[in-house]
Ligand code: HEM
């Protein structure tokens, strides 16, 4: 199978950060509230990998390299895994495994409700990301997977609610998300492809 080593490398890289953070928590290197740090880091990692997943199609269109598409599904599943770890850390360290408190948070804290909605969307994407679902759902599969844009919007809203006044980091994520969404507009992609091809031709001419 093509890109086997590349896919395997991404698979090996996936658990590195969560394992490292858990090790840091275990060795008291995450400050006085390691639970909160884990919740925040896992949440940010889930969002970062969601953006990376969405970057794969434009990377492929711009570079023509099939390796980007070969890891797209895997990255989506890593995003889901990070989100599961984020919610698990919240359940263990913030809620103390109290399900009733979760229901109260869901009602009283809008950011928890929005995060839960995003997670339901991610779950739907993850369970239908296999070949069987693609075959079974046919054209509806593509339609369903457009849900990823809604999930992205919800996660950004969730984060904005959490960070509130301290908006700088959020702005970086939102800017990357907006740029990736812009790349989905066909006319933008065509212009950018032409620009990159022009630059490549120029550098080839110079090196000859
Ligand atoms: C049931 C679902 C969810 C719950 C209960 C939840 C809960 C939380 C909590 C408690 C925080 C930290 C609040 C604080 O620091 O005061 C947080 C932050 C965050 N969550 Fe979630 N979350 C959920 C879903 C998600 C999903 C699906 C994603 C991403 C795919 C996500 C990404 C984030 C991000 C990026 C932050 C901000 C972290 C930071 O700025 O440091 N969350 N969430």
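Every residue gets a Cβ built from N, Cα and C, even glycine.
Curation plays no part in TrEMBL annotations; they are all automatic predictions.
Among the features that TrEMBL reports, transmembrane segment is placed at 5-23, 43-63, 75-97, 109-127, 147-164, 170-192. TrEMBL lists 43-155 with the feature domain 'Ferric oxidoreductase'.
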When DSSP states are grouped into helix, strand and coil, how many residues of the domain 'Ferric oxidoreductase' (43-155) land in each?
99 helix, 0 strand, 14 coil
Under 8 Å, at least 3 Cβ pairs, sequence separation 6 or more: does that hold for the transmembrane segment (147-164) versus the transmembrane segment (43-63)?
yes
Within the predicted model, mean pLDDT of the domain 'Ferric oxidoreductase' (43-155)
97
Counting Cβ pairs under 8 Å that are 6 or more apart in sequence, does the total for the transmembrane segment (109-127) and the transmembrane segment (75-97) reach three or more?
yes
